[in-house]
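Among the features that TrEMBL reports, UTP binding site is placed at Lys115, Gln178, Gly210, Asp241, Lys384. Annotation source TrEMBL lists substrate binding site at His211.
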Amino acid sequence: RRLRCLSFHFSVYSSELQTSERGEAESAGRWMRVLAPCEKRDLKGFKQLFHRFLQVKGPSVDWAKINRPPEDSIQPYERIRSRALPEGVASSLNKLAVVKLNGGLGTSMGCKGPKSLISVRSENTFLDLTVQQIEHLNKTYNADVPLVLMNSFNTDEDTKKILQKYTHHRVKIYTFNQSRYPRINKESLLPVATSMGLTGENSEAWYPPGHGDIYASFHNSGLLEQLLAQGKEYIFVSNIDNLGATVDLHILNHLVSQPAETRCEFVMEVTDKTRADVKGGTLIEYEGKLRLLEIAQVPKAHVDEFKSVTKFKIFNTNNLWISLPAIKRLHKQNAMDLEIIVNPKTLNGGLNVIQLETAVGAAIKSFDNALGINVPRSRFLPVKTSSDLLLVMSNLYRLEAGSLTMSEKREFPTTPHVKLGSSFTKVQDFLRRFESIPDMLELDHLTVSGDVTFGKQVALKGTVIIIANHGDRIDIPAGAMLENKIVSGNLRILDH
(Lines of atoms letter the chains of each structure in order from A and count residues from 1; the text may use other names and numbers.)
(Lines give C-alpha, C1' and ligand atoms only; values in the text may rest on other atoms or scores of the structure.)
Protein backbone atom coordinates (compact mmCIF):
# COMPACT_ATOMS: atom_id res chain seq x y z
CA ARG A 1 0.00 0.00 0.00
CA ARG A 2 2.88 2.35 0.79
CA LEU A 3 4.37 1.52 -2.61
CA ARG A 4 1.09 2.36 -4.29
CA CYS A 5 0.96 5.72 -2.50
CA LEU A 6 4.58 6.47 -3.36
CA SER A 7 3.87 5.49 -6.95
CA PHE A 8 0.91 7.83 -6.90
CA HIS A 9 3.04 10.70 -5.76
CA PHE A 10 5.79 10.31 -8.31
CA SER A 11 3.51 9.47 -11.23
CA VAL A 12 0.99 12.23 -10.59
CA TYR A 13 2.18 14.91 -8.25
CA SER A 14 5.92 15.10 -8.95
CA SER A 15 5.55 14.72 -12.68
CA GLU A 16 2.93 17.48 -12.91
CA LEU A 17 4.46 20.08 -10.61
CA GLN A 18 7.75 21.68 -11.55
CA THR A 19 9.33 21.89 -8.10
CA SER A 20 12.90 21.90 -6.86
CA GLU A 21 14.55 18.58 -6.00
CA ARG A 22 14.34 19.37 -2.31
CA GLY A 23 10.73 20.44 -2.59
CA GLU A 24 9.94 17.36 -4.64
CA ALA A 25 11.42 15.05 -2.04
CA GLU A 26 9.56 16.86 0.73
CA SER A 27 6.32 16.64 -1.28
CA ALA A 28 6.78 12.92 -1.87
CA GLY A 29 7.35 12.31 1.81
CA ARG A 30 4.28 14.24 2.83
CA TRP A 31 1.98 12.53 0.33
CA MET A 32 3.35 9.10 1.23
CA ARG A 33 2.90 9.62 4.99
CA VAL A 34 -0.66 10.87 4.61
CA LEU A 35 -1.95 8.50 1.96
CA ALA A 36 -0.17 5.28 2.96
CA PRO A 37 -3.07 4.12 5.20
CA CYS A 38 -5.73 5.12 2.63
CA GLU A 39 -8.29 2.67 1.36
CA LYS A 40 -7.20 1.44 -2.07
CA ARG A 41 -10.46 2.63 -3.66
CA ASP A 42 -10.32 6.07 -2.04
CA LEU A 43 -6.73 6.41 -3.15
CA LYS A 44 -7.57 5.53 -6.75
CA GLY A 45 -10.43 8.03 -6.82
CA PHE A 46 -8.37 10.84 -5.33
CA LYS A 47 -5.46 10.06 -7.64
CA GLN A 48 -7.67 10.43 -10.71
CA LEU A 49 -9.32 13.60 -9.43
CA PHE A 50 -6.04 15.27 -8.45
CA HIS A 51 -4.41 14.27 -11.73
CA ARG A 52 -7.23 15.88 -13.71
CA PHE A 53 -7.12 18.99 -11.52
CA LEU A 54 -3.44 19.50 -12.31
CA GLN A 55 -4.08 19.12 -16.04
CA VAL A 56 -7.14 21.37 -16.39
CA LYS A 57 -6.41 25.02 -17.10
CA GLY A 58 -9.13 27.68 -17.17
CA PRO A 59 -12.93 27.21 -17.33
CA SER A 60 -14.20 23.75 -18.25
CA VAL A 61 -16.66 25.13 -20.80
CA ASP A 62 -16.32 27.27 -23.90
CA TRP A 63 -19.08 29.86 -23.50
CA ALA A 64 -19.51 30.20 -27.26
CA LYS A 65 -20.54 26.52 -27.49
CA ILE A 66 -23.35 26.82 -24.94
CA ASN A 67 -26.86 26.50 -26.34
CA ARG A 68 -30.30 26.28 -24.84
CA PRO A 69 -31.47 22.68 -24.56
CA PRO A 70 -33.77 21.41 -27.34
CA GLU A 71 -37.44 21.77 -26.40
CA ASP A 72 -38.09 18.03 -26.24
CA SER A 73 -35.15 17.50 -23.86
CA ILE A 74 -36.99 19.23 -20.98
CA GLN A 75 -40.58 18.09 -20.66
CA PRO A 76 -43.25 19.82 -18.55
CA TYR A 77 -44.38 17.77 -15.58
CA GLU A 78 -48.01 18.25 -16.64
CA ARG A 79 -47.33 16.14 -19.74
CA ILE A 80 -45.82 13.35 -17.62
CA ARG A 81 -48.65 13.54 -15.12
CA SER A 82 -51.38 13.48 -17.79
CA ARG A 83 -50.72 9.81 -18.50
CA ALA A 84 -52.88 7.54 -16.37
CA LEU A 85 -51.09 5.26 -13.93
CA PRO A 86 -51.39 1.53 -14.66
CA GLU A 87 -53.09 -0.76 -12.20
CA GLY A 88 -49.85 -2.54 -11.34
CA VAL A 89 -48.12 0.36 -9.59
CA ALA A 90 -46.52 -2.06 -7.13
CA SER A 91 -44.55 -3.79 -9.90
CA SER A 92 -43.06 -0.40 -10.89
CA LEU A 93 -42.25 0.48 -7.27
CA ASN A 94 -40.50 -2.85 -6.84
CA LYS A 95 -38.00 -1.72 -9.48
CA LEU A 96 -37.07 1.36 -7.43
CA ALA A 97 -34.72 2.18 -4.54
CA VAL A 98 -34.60 5.59 -2.84
CA VAL A 99 -31.15 7.07 -2.18
CA LYS A 100 -30.75 10.01 0.18
CA LEU A 101 -27.56 12.06 0.30
CA ASN A 102 -26.77 12.05 4.03
CA GLY A 103 -23.19 13.29 4.26
CA GLY A 104 -23.80 16.75 5.70
CA LEU A 105 -23.58 18.03 9.26
CA GLY A 106 -25.94 20.48 10.95
CA THR A 107 -23.17 22.94 11.81
CA SER A 108 -24.55 25.76 9.62
CA MET A 109 -27.69 25.69 11.78
CA GLY A 110 -25.76 25.46 15.05
CA CYS A 111 -26.33 21.72 15.55
CA LYS A 112 -23.91 18.91 16.22
CA GLY A 113 -24.01 15.65 14.31
CA PRO A 114 -25.77 14.73 11.04
CA LYS A 115 -28.16 17.33 9.67
CA SER A 116 -30.68 14.56 8.98
CA LEU A 117 -31.21 14.19 12.74
CA ILE A 118 -32.48 17.77 13.25
CA SER A 119 -36.17 17.96 14.22
CA VAL A 120 -38.07 19.85 11.54
CA ARG A 121 -41.77 19.16 12.06
CA SER A 122 -43.80 17.77 14.98
CA GLU A 123 -40.63 16.38 16.62
CA ASN A 124 -39.84 14.46 13.39
CA THR A 125 -36.34 14.65 11.93
CA PHE A 126 -35.48 14.66 8.22
CA LEU A 127 -34.71 10.95 8.54
CA ASP A 128 -37.98 10.22 10.38
CA LEU A 129 -39.99 11.87 7.60
CA THR A 130 -38.07 9.99 4.90
CA VAL A 131 -38.73 6.62 6.56
CA GLN A 132 -42.42 7.50 7.03
CA GLN A 133 -42.78 8.41 3.33
CA ILE A 134 -41.29 5.15 2.07
CA GLU A 135 -43.08 3.02 4.64
CA HIS A 136 -46.38 4.59 3.54
CA LEU A 137 -45.60 3.67 -0.09
CA ASN A 138 -44.70 0.10 0.83
CA LYS A 139 -47.85 -0.38 2.91
CA THR A 140 -50.21 1.33 0.46
CA TYR A 141 -49.04 -0.61 -2.61
CA ASN A 142 -47.69 -3.74 -0.90
CA ALA A 143 -44.30 -2.88 -2.39
CA ASP A 144 -40.67 -3.26 -1.36
CA VAL A 145 -38.92 0.08 -1.88
CA PRO A 146 -35.68 0.18 0.15
CA LEU A 147 -34.01 3.30 1.54
CA VAL A 148 -30.30 3.76 0.90
CA LEU A 149 -28.31 6.40 2.81
CA MET A 150 -25.04 7.72 1.43
CA ASN A 151 -23.20 8.73 4.60
CA SER A 152 -19.85 10.44 5.02
CA PHE A 153 -17.20 9.78 7.65
CA ASN A 154 -18.79 12.75 9.47
CA THR A 155 -22.26 11.21 9.70
CA ASP A 156 -21.89 7.42 9.47
CA GLU A 157 -21.47 6.50 13.14
CA ASP A 158 -24.30 8.69 14.49
CA THR A 159 -26.64 7.66 11.66
CA LYS A 160 -26.10 3.94 12.24
CA LYS A 161 -26.89 4.35 15.93
CA ILE A 162 -30.22 6.01 15.21
CA LEU A 163 -31.23 3.46 12.54
CA GLN A 164 -32.03 0.96 15.28
CA LYS A 165 -35.26 2.85 16.00
CA TYR A 166 -36.61 1.87 12.55
CA THR A 167 -36.11 -1.89 12.99
CA HIS A 168 -39.86 -2.60 13.01
CA HIS A 169 -40.77 -0.22 10.19
CA ARG A 170 -41.68 -1.65 6.81
CA VAL A 171 -38.58 -0.26 5.12
CA LYS A 172 -35.28 -2.00 4.41
CA ILE A 173 -32.48 0.47 5.12
CA TYR A 174 -28.98 0.18 3.67
CA THR A 175 -26.01 2.51 4.13
CA PHE A 176 -22.71 3.08 2.37
CA ASN A 177 -19.97 5.63 2.82
CA GLN A 178 -18.73 8.13 0.31
CA SER A 179 -14.98 8.60 0.00
CA ARG A 180 -12.67 10.55 2.28
CA TYR A 181 -10.12 12.82 0.60
CA PRO A 182 -7.39 15.14 1.99
CA ARG A 183 -7.76 18.92 1.81
CA ILE A 184 -4.94 20.58 -0.08
CA ASN A 185 -2.94 23.66 0.85
CA LYS A 186 -3.87 26.26 -1.77
CA GLU A 187 -0.31 27.56 -2.14
CA SER A 188 1.85 24.42 -1.94
CA LEU A 189 -0.72 21.91 -3.22
CA LEU A 190 0.39 19.61 -0.42
CA PRO A 191 -2.07 17.78 1.85
CA VAL A 192 -2.93 19.59 5.07
CA ALA A 193 -3.20 16.28 6.94
CA THR A 194 -0.19 14.86 8.74
CA SER A 195 -1.86 11.48 9.32
CA MET A 196 -5.17 9.67 8.80
CA GLY A 197 -6.42 10.89 12.19
CA LEU A 198 -9.55 13.03 12.50
CA THR A 199 -8.70 14.76 15.78
CA GLY A 200 -6.30 17.46 16.91
CA GLU A 201 -4.38 19.11 14.11
CA ASN A 202 -6.11 16.84 11.57
CA SER A 203 -9.68 17.69 12.61
CA GLU A 204 -10.16 19.85 9.50
CA ALA A 205 -7.78 18.01 7.17
CA TRP A 206 -10.26 15.66 5.49
CA TYR A 207 -13.51 16.09 3.57
CA PRO A 208 -16.16 14.07 1.69
CA PRO A 209 -15.68 14.94 -2.01
CA GLY A 210 -19.19 16.05 -3.00
CA HIS A 211 -22.17 13.96 -4.05
CA GLY A 212 -20.66 13.15 -7.45
CA ASP A 213 -18.72 10.50 -5.55
CA ILE A 214 -21.96 8.48 -5.33
CA TYR A 215 -21.28 6.49 -8.50
CA ALA A 216 -17.91 5.06 -7.49
CA SER A 217 -18.73 4.64 -3.80
CA PHE A 218 -22.10 3.00 -4.52
CA HIS A 219 -20.45 0.56 -6.93
CA ASN A 220 -17.52 -0.14 -4.62
CA SER A 221 -19.77 -0.80 -1.63
CA GLY A 222 -21.37 -3.78 -3.37
CA LEU A 223 -24.85 -2.27 -2.97
CA LEU A 224 -25.22 -1.63 -6.69
CA GLU A 225 -24.88 -5.34 -7.47
CA GLN A 226 -27.07 -6.24 -4.50
CA LEU A 227 -29.94 -4.03 -5.68
CA LEU A 228 -29.63 -5.26 -9.27
CA ALA A 229 -29.88 -8.83 -7.97
CA GLN A 230 -33.12 -7.80 -6.21
CA GLY A 231 -34.60 -6.65 -9.53
CA LYS A 232 -34.14 -2.91 -8.94
CA GLU A 233 -33.75 -0.86 -12.12
CA TYR A 234 -33.75 2.77 -10.98
CA ILE A 235 -32.66 4.84 -7.99
CA PHE A 236 -34.32 8.10 -6.99
CA VAL A 237 -31.55 10.30 -5.58
CA SER A 238 -32.12 13.51 -3.60
CA ASN A 239 -30.75 15.59 -0.74
CA ILE A 240 -32.17 14.43 2.59
CA ASP A 241 -32.92 18.04 3.58
CA ASN A 242 -35.20 18.57 0.55
CA LEU A 243 -38.61 17.86 2.07
CA GLY A 244 -40.27 18.12 -1.36
CA ALA A 245 -38.28 15.22 -2.81
CA THR A 246 -40.78 12.38 -2.49
CA VAL A 247 -41.27 9.40 -4.82
CA ASP A 248 -43.42 10.52 -7.75
CA LEU A 249 -45.36 7.66 -9.30
CA HIS A 250 -45.93 9.48 -12.60
CA ILE A 251 -42.20 10.03 -13.21
CA LEU A 252 -41.47 6.44 -12.22
CA ASN A 253 -44.17 5.15 -14.58
CA HIS A 254 -42.76 7.29 -17.41
CA LEU A 255 -39.37 5.61 -16.92
CA VAL A 256 -40.36 1.97 -16.60
CA SER A 257 -43.07 2.01 -19.30
CA GLN A 258 -40.69 2.91 -22.14
CA PRO A 259 -39.28 0.30 -24.57
CA ALA A 260 -35.89 -0.99 -23.43
CA GLU A 261 -34.03 0.36 -26.49
CA THR A 262 -35.24 3.95 -25.96
CA ARG A 263 -35.47 3.92 -22.18
CA CYS A 264 -34.35 7.08 -20.43
CA GLU A 265 -31.30 6.39 -18.25
CA PHE A 266 -31.22 9.70 -16.38
CA VAL A 267 -33.92 12.18 -15.39
CA MET A 268 -33.10 15.48 -13.73
CA GLU A 269 -35.96 17.34 -12.09
CA VAL A 270 -35.66 21.06 -12.74
CA THR A 271 -37.95 23.89 -11.74
CA ASP A 272 -38.48 27.52 -12.73
CA LYS A 273 -35.78 29.85 -11.47
CA THR A 274 -36.56 32.84 -9.25
CA ARG A 275 -34.18 35.56 -8.12
CA ALA A 276 -33.47 33.46 -5.02
CA ASP A 277 -32.11 30.64 -7.21
CA VAL A 278 -29.68 32.52 -9.47
CA LYS A 279 -26.68 30.45 -8.34
CA GLY A 280 -28.35 27.10 -9.03
CA GLY A 281 -27.00 24.85 -11.79
CA THR A 282 -28.92 24.79 -15.06
CA LEU A 283 -29.31 22.47 -18.05
CA ILE A 284 -27.70 23.41 -21.37
CA GLU A 285 -26.89 21.74 -24.67
CA TYR A 286 -23.14 21.44 -25.12
CA GLU A 287 -21.51 19.65 -28.03
CA GLY A 288 -24.72 17.81 -28.78
CA LYS A 289 -25.29 16.56 -25.23
CA LEU A 290 -27.59 17.63 -22.41
CA ARG A 291 -25.28 18.93 -19.72
CA LEU A 292 -25.42 20.48 -16.24
CA LEU A 293 -23.76 23.88 -15.99
CA GLU A 294 -22.74 24.96 -12.48
CA ILE A 295 -21.80 28.52 -11.55
CA ALA A 296 -18.28 27.35 -10.62
CA GLN A 297 -17.71 26.41 -14.28
CA VAL A 298 -18.77 29.78 -15.67
CA PRO A 299 -16.06 32.21 -16.85
CA LYS A 300 -16.10 35.35 -14.67
CA ALA A 301 -17.08 37.54 -17.62
CA HIS A 302 -20.34 35.57 -18.02
CA VAL A 303 -21.43 35.10 -14.38
CA ASP A 304 -24.10 37.83 -14.60
CA GLU A 305 -25.44 36.25 -17.78
CA PHE A 306 -25.56 32.86 -16.03
CA LYS A 307 -27.57 34.39 -13.18
CA SER A 308 -30.08 35.84 -15.63
CA VAL A 309 -33.63 34.64 -15.02
CA THR A 310 -34.53 35.34 -18.65
CA LYS A 311 -31.77 33.37 -20.43
CA PHE A 312 -31.46 30.43 -18.02
CA LYS A 313 -35.00 29.91 -16.80
CA ILE A 314 -34.70 26.66 -14.88
CA PHE A 315 -32.36 25.19 -12.26
CA ASN A 316 -31.45 21.74 -10.99
CA THR A 317 -33.34 20.57 -7.87
CA ASN A 318 -30.92 17.65 -7.45
CA ASN A 319 -33.85 15.23 -7.58
CA LEU A 320 -32.50 12.59 -9.96
CA TRP A 321 -33.78 9.31 -11.37
CA ILE A 322 -30.91 7.12 -12.58
CA SER A 323 -30.74 3.70 -14.24
CA LEU A 324 -28.82 1.13 -12.18
CA PRO A 325 -27.70 -0.99 -15.18
CA ALA A 326 -26.42 2.20 -16.82
CA ILE A 327 -24.40 3.13 -13.72
CA LYS A 328 -22.83 -0.34 -13.79
CA ARG A 329 -22.03 -0.07 -17.51
CA LEU A 330 -20.51 3.41 -17.29
CA HIS A 331 -18.48 2.58 -14.20
CA LYS A 332 -17.08 -0.53 -15.88
CA GLN A 333 -16.15 1.54 -18.95
CA ASN A 334 -14.74 4.34 -16.76
CA ALA A 335 -16.91 6.60 -18.92
CA MET A 336 -18.25 9.08 -16.37
CA ASP A 337 -16.37 12.33 -16.85
CA LEU A 338 -17.54 14.62 -14.04
CA GLU A 339 -16.34 18.21 -14.07
CA ILE A 340 -14.16 19.14 -11.10
CA ILE A 341 -15.50 21.73 -8.69
CA VAL A 342 -12.63 23.48 -6.91
CA ASN A 343 -14.08 24.55 -3.57
CA PRO A 344 -11.90 27.04 -1.68
CA LYS A 345 -12.10 26.98 2.12
CA THR A 346 -10.43 28.80 4.98
CA LEU A 347 -9.68 26.65 8.02
CA ASN A 348 -10.14 27.92 11.57
CA GLY A 349 -6.46 28.81 11.82
CA GLY A 350 -6.71 30.97 8.71
CA LEU A 351 -5.05 28.53 6.29
CA ASN A 352 -6.45 28.69 2.74
CA VAL A 353 -7.15 25.25 1.32
CA ILE A 354 -8.96 23.74 -1.64
CA GLN A 355 -11.07 20.63 -1.83
CA LEU A 356 -11.80 18.90 -5.11
CA GLU A 357 -15.42 17.87 -5.54
CA THR A 358 -17.83 16.60 -8.17
CA ALA A 359 -21.62 16.88 -8.53
CA VAL A 360 -23.95 13.91 -9.03
CA GLY A 361 -25.94 15.75 -11.71
CA ALA A 362 -22.86 16.40 -13.83
CA ALA A 363 -23.02 12.79 -15.04
CA ILE A 364 -26.17 13.50 -17.08
CA LYS A 365 -24.08 13.92 -20.25
CA SER A 366 -22.80 10.33 -19.94
CA PHE A 367 -26.21 8.62 -19.94
CA ASP A 368 -28.35 7.70 -22.93
CA ASN A 369 -31.69 9.41 -23.61
CA ALA A 370 -31.23 11.80 -20.67
CA LEU A 371 -34.19 14.03 -19.90
CA GLY A 372 -35.09 17.05 -17.81
CA ILE A 373 -38.58 17.33 -16.30
CA ASN A 374 -39.80 20.78 -15.27
CA VAL A 375 -41.54 20.00 -11.99
CA PRO A 376 -43.64 22.21 -9.69
CA ARG A 377 -41.76 24.27 -7.12
CA SER A 378 -43.34 22.10 -4.41
CA ARG A 379 -40.80 19.37 -5.23
CA PHE A 380 -38.00 21.69 -4.13
CA LEU A 381 -38.40 22.43 -0.42
CA PRO A 382 -34.90 22.48 1.05
CA VAL A 383 -34.20 23.40 4.66
CA LYS A 384 -30.81 25.10 4.63
CA THR A 385 -31.44 27.88 7.18
CA SER A 386 -33.67 28.78 10.12
CA SER A 387 -35.73 30.87 7.69
CA ASP A 388 -36.52 27.68 5.75
CA LEU A 389 -37.22 25.89 9.04
CA LEU A 390 -39.83 28.50 10.03
CA LEU A 391 -41.69 27.90 6.77
CA VAL A 392 -41.87 24.10 7.09
CA MET A 393 -42.83 24.27 10.78
CA SER A 394 -45.70 26.68 10.09
CA ASN A 395 -49.33 26.13 9.12
CA LEU A 396 -48.40 26.86 5.50
CA TYR A 397 -47.85 23.11 5.20
CA ARG A 398 -49.70 20.04 6.38
CA LEU A 399 -47.94 16.81 7.25
CA GLU A 400 -49.32 13.51 6.05
CA ALA A 401 -47.45 10.18 5.96
CA GLY A 402 -44.11 11.99 6.18
CA SER A 403 -44.85 14.34 3.26
CA LEU A 404 -45.36 18.09 3.48
CA THR A 405 -47.90 19.69 1.15
CA MET A 406 -49.07 23.29 0.91
CA SER A 407 -52.17 23.90 3.03
CA GLU A 408 -55.42 24.18 1.10
CA LYS A 409 -56.22 27.22 3.26
CA ARG A 410 -53.43 29.16 1.55
CA GLU A 411 -55.17 31.14 -1.21
CA PHE A 412 -52.14 31.35 -3.53
CA PRO A 413 -49.52 28.65 -4.10
CA THR A 414 -46.35 30.75 -3.79
CA THR A 415 -44.15 30.43 -0.71
CA PRO A 416 -43.58 33.59 1.37
CA HIS A 417 -40.12 35.14 1.35
CA VAL A 418 -38.72 34.84 4.89
CA LYS A 419 -35.45 36.36 6.06
CA LEU A 420 -34.50 35.90 9.71
CA GLY A 421 -31.46 37.71 11.11
CA SER A 422 -28.35 36.26 12.75
CA SER A 423 -30.06 36.03 16.17
CA PHE A 424 -32.10 33.13 14.71
CA THR A 425 -29.28 31.23 12.94
CA LYS A 426 -28.83 28.47 15.51
CA VAL A 427 -31.80 26.15 15.90
CA GLN A 428 -31.77 26.42 19.69
CA ASP A 429 -31.88 30.24 19.49
CA PHE A 430 -34.60 30.05 16.84
CA LEU A 431 -36.81 27.84 19.03
CA ARG A 432 -36.25 30.03 22.08
CA ARG A 433 -37.48 33.12 20.22
CA PHE A 434 -40.83 31.58 19.23
CA GLU A 435 -43.25 30.57 22.01
CA SER A 436 -45.26 29.08 19.16
CA ILE A 437 -44.89 29.25 15.38
CA PRO A 438 -46.95 32.18 14.00
CA ASP A 439 -49.94 31.82 11.67
CA MET A 440 -48.42 32.51 8.25
CA LEU A 441 -51.23 31.49 5.88
CA GLU A 442 -51.61 35.02 4.52
CA LEU A 443 -47.96 36.08 4.72
CA ASP A 444 -46.11 37.40 1.65
CA HIS A 445 -42.84 38.64 3.10
CA LEU A 446 -41.21 38.56 6.54
CA THR A 447 -37.93 40.20 7.57
CA VAL A 448 -36.76 40.00 11.18
CA SER A 449 -33.51 41.53 12.43
CA GLY A 450 -32.04 41.93 15.90
CA ASP A 451 -33.25 40.83 19.34
CA VAL A 452 -36.86 39.86 18.58
CA THR A 453 -39.14 37.32 20.25
CA PHE A 454 -42.66 36.12 19.38
CA GLY A 455 -45.40 35.26 21.87
CA LYS A 456 -48.03 32.55 21.38
CA GLN A 457 -50.62 32.64 18.59
CA VAL A 458 -49.15 35.55 16.64
CA ALA A 459 -50.54 36.07 13.11
CA LEU A 460 -48.45 37.55 10.28
CA LYS A 461 -50.09 38.80 7.08
CA GLY A 462 -48.93 40.62 3.98
CA THR A 463 -45.49 42.21 4.37
CA VAL A 464 -44.10 42.35 7.90
CA ILE A 465 -40.73 43.88 8.78
CA ILE A 466 -39.47 43.80 12.37
CA ILE A 467 -36.15 45.48 13.15
CA ALA A 468 -34.68 45.80 16.64
CA ASN A 469 -31.67 48.08 16.51
CA HIS A 470 -28.50 47.28 18.45
CA GLY A 471 -29.26 47.41 22.19
CA ASP A 472 -33.03 47.34 21.62
CA ARG A 473 -35.40 44.43 22.06
CA ILE A 474 -38.78 43.77 20.52
CA ASP A 475 -41.24 41.30 22.05
CA ILE A 476 -44.24 40.63 19.82
CA PRO A 477 -47.03 40.00 22.37
CA ALA A 478 -49.15 36.87 22.41
CA GLY A 479 -52.20 37.04 20.15
CA ALA A 480 -50.83 39.95 18.11
CA MET A 481 -51.89 40.28 14.46
CA LEU A 482 -49.41 42.12 12.24
CA GLU A 483 -50.58 42.93 8.71
CA ASN A 484 -48.44 45.06 6.38
CA LYS A 485 -46.55 46.48 9.35
CA ILE A 486 -43.07 47.78 10.04
CA VAL A 487 -42.06 47.42 13.69
CA SER A 488 -38.84 49.05 14.91
CA GLY A 489 -37.29 50.56 18.01
CA ASN A 490 -38.05 49.03 21.39
CA LEU A 491 -41.11 47.01 22.42
CA ARG A 492 -41.07 44.89 25.53
CA ILE A 493 -43.92 43.42 27.54
CA LEU A 494 -42.92 42.75 31.16
CA ASP A 495 -44.69 40.35 33.51
CA HIS A 496 -45.86 41.81 36.84
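Note that Cβ sites are derived from N, Cα and C of the backbone, with glycine treated the same way.
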Euclidean distance between Cα atoms of Gln178 (UTP binding site) and His211 (substrate binding site), Å: 8
Nonlocal neighbours by CB distance (under 8 Å) for Asp241 (UTP binding site), same chain, sequence gap 6 or more: Gly104, Lys115, Ser116, Phe126, Pro382, Val383, Lys384
Span of the UTP site, taken as the largest CA to CA distance across Lys115, Gln178, Gly210, Asp241, Lys384 (Å, rounded to a whole number): 21
For Gln178 (UTP binding site), nearby residues of its own chain (Cβ under 8 Å, 6 or more apart in sequence): Gly103, Met150, Asn151, Ser152, Pro208, Pro209, His211, Asp213, Ile214, Ser217
Which of Lys115, His211, Lys384, all binding-site residues, has a Cβ with the fewest other Cβ atoms inside 10 Å: Lys384
Gly210 (UTP binding site): tally of other CB atoms within 10 A of its CB: 24
